[in-house]
Amino acid sequence: TVADKQARLMPLFKHLTALTREKLPLDQRDERLKGVGILPRGTLFSCFHARHLAEATELYVALYGAKDFNDFIHLCEQARQIVNEGMFVYAVSVAVLHREDCKGITVPPIQEVFPDRFVPAETINRANKEASNHPDQQSIVVEAEETGNILDPEYKLSYFREDIGINAHHWHWHIVYPATWNPTVMGKEKDRKGELFFYMHQQMCARYDSERLSNGLQRMIPFHNFDEPLEGYAPHLTSLVSGLQYASRPEGYSIHDLSDVDVQDMVRWRERILDAINMHYIVDKDNNKIPLDIEHGTDILGDIIESSDESKNVEYYGSLHNWGHVMMANITDPDHRFQENPGVMSDTSTSLRDPIFYRWHRFIDNIFQEHKKSFHPYTKEELSFPGVEVVGVSINSKTANVITTLIKESLLELSHGINFGTDQSVKVKYHHLDHEPFTYNIVVENNSGAEKHSTVRIFLAPKYDELNNKLEPDEQRRLFIELDKFFYTLTPGKNTIVRNHQDSSVTISKVRTFDQLGAGEGVSEDSTEYCSCGWPEHMLIPRGSHKGMEFELFVMLTDHDEDTVAGLSENAVCSDAVSYCGARDDRYPDKKAMGFPFDRKIEARTAAEFLTPNMGLTDIKIKFHG
């Protein structure tokens, strides 16, 4: 049964930070694992680094190809005694998410497997002392430490950047969409993977800017010049697999050549990508021209910029995004003469902590926006839905059209990831943003006289910029964050649509803990969450301000019969957070460009000029009670 399989998987993930350097001798290894074990244990595995990725791919392909579940577990158990710790978790997670006989099984949360990537080193140190000083206590709880102070204005946003949920989401997204995914080897296509790479990261940047404005800071300034000195950042994390700290970055450093790639390569790749965008086509490795058209252009570009194995010409266009992460992570020790750990930018489960992550991704996003500029703005015909009119939009919460945000406490279990030498439970108490429950109320008139199938799209954006000027539609468009997207059948006449925030198509509702999974909770073959991928529910709404920050809530209904994609399976598995994560083994269930209608430039100077009858815009306030 699924529960039995889940129980057999769990021990593989326990106490990985305590593995020794000894490896299984070559003659005792399974033939299929002869090529792995190159990256030493204790090294920080990076799924942005080409060499690390190549070995990880060899491992997950071997695990994916195991003939049955017993064989799979046998291979995993061997691999655990051979390969690098981080690579092991990455490869096993990719295999579990994609093997048919693993449907319904959930990989334990990464924050419990490697708590050292999420919890400050000082806090783990204190937990260690408490555990050894109180061996008789059943459970120990320590408070998470602060990692900075207000001398650094960016510290105001640490609640967002260092949030455990969003960092875990980023890790999971890159497991669902590995850069080295090869459809011919794996036998499955990843629909619109390149476009999803663009959209998911664009949304993270839009969310970050909303948080900045909530805190009275200006929107971020994108990275744009490969020689520019970067701001400083100190992660306060120590990797327990090596005992080395994640490198801090003093202020004023700029990126340097690495042994694998030069800064000049990055400059050249950027120029080539921008040339391709201006010419509206790329050149593949056989010198054929492939157009960057409306339907596939963003997807093709996403594969090239990331770059993934589906890049049409990696020799020519390089791997701009991935090497950018690696260069920034190795900024203080580019040639490894001091044998330091890289910084947090090297790893998907830690990179969101660093302010440069967002500035780097806005730089990447600006390249995509150049491509989007080559298309005409949406016409009224493309935006409208004849016969359908949105009459009213409101938020139903304690106070109408006001959403309250607050700081909540949660606990994270450390003892599965860290071996404290006792059986007791050791937990960290940490604080995170959250919001009160609310529902959307949308009143729609269907004047067509017939039933209509609609897709309801809900977005949110700040109304004013940092200087309190009203944002113009084209400037505001890149700040719109998707809150929900769902199907609704409109009966003729008046329809009142009520939708709970918990049903959002971007968030994951519940993350099962190590203990719950071990006890078989929530384990079933038809679970709908793409298996732990999704924006955390508690971070759905930006923080807002104490006096109530003004946002605009945008609702649009489009014709579902035109949006729908052929060949979708009836009951998609893992489709809880479909907007950011897609659905498992299925096509992306919306034909429109991701981010529609805000993915192309808007020429209208006012909202009234842009709006069509099937859209609604309403002012709401977000109030922070901190």
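Residue positions begin at 1 at the first shown residue.
Just so it is clear, glycine is given a Cβ too, placed from its N, Cα and C backbone atoms.
Cβ neighbours within 10 Å of His201 (Cu cation 1 binding site), excluding its own Cβ and spanning all shown chains: 24. Classification of His201 (Cu cation 1 binding site) by DSSP places it within a helix. The Cu cation 1 binding site feature in Swiss-Prot is assigned to His170, His174, His201.
For His325 (Cu cation 2 binding site), the same-chain residues lying six or more positions away in sequence with a CB closer than 8 A to its CB are Ser46, Phe48, Met345, Ser346, Ser351, Trp360. His325 (Cu cation 2 binding site) carries a helical DSSP state (H, G or I). According to Swiss-Prot, the feature Cu cation 2 binding site maps to His321, His325, His361.
Per Swiss-Prot, the feature phosphoserine maps to Ser374. Ser374 (phosphoserine) falls outside any helix or strand according to DSSP and counts as coil. Its Cβ taken as reference, Ser374 (phosphoserine) is surrounded by 15 other Cβ atoms within 10 Å in the chains shown.
Neighbouring residues of the recorded Cu cation 1 site, listed in sequence order and excluding His170, His174, His201, comprise His169, Trp171, Trp173, Met200, Met204, Thr348, Ser351, Leu352 (Cβ within 8 Å of the Cβ centroid). The residues near the Cu cation 2 site, meaning same-chain residues not in His321, His325, His361 whose C-beta sits within 8 angstroms of the mean position of the site's C-beta atoms, are Phe48, His201, Glu306, Asn322, Gly324, Ser351, Phe357, Trp360, Ile364, in sequence order. Around His321 (Cu cation 2 binding site), the C-beta neighbours below 8 angstroms that are at least 6 residues distant in the chain are Phe48, Ile305, Glu306, Ser307, Ile364. On the backbone, the CA of His361 (Cu cation 2 binding site) and the CA of His201 (Cu cation 1 binding site) stand 7 Å apart. A C-beta separation below 8 Å, combined with a sequence spacing of at least six in one chain, links His174 (Cu cation 1 binding site) to Cys47, Thr348. Listed in sequence order, Met204, Thr348, Ser349, Ser351, Leu352 are the same-chain residues at least 6 apart in sequence whose CB falls under 8 Å from the CB of His170 (Cu cation 1 binding site). Ser374 (phosphoserine) sits 21 Å from His201 (Cu cation 1 binding site), counting Cα to Cα.
A simple way to gauge crowding: the CB of His361 (Cu cation 2 binding site) has 25 other CB atoms within 10 angstroms, across all the protein chains here.
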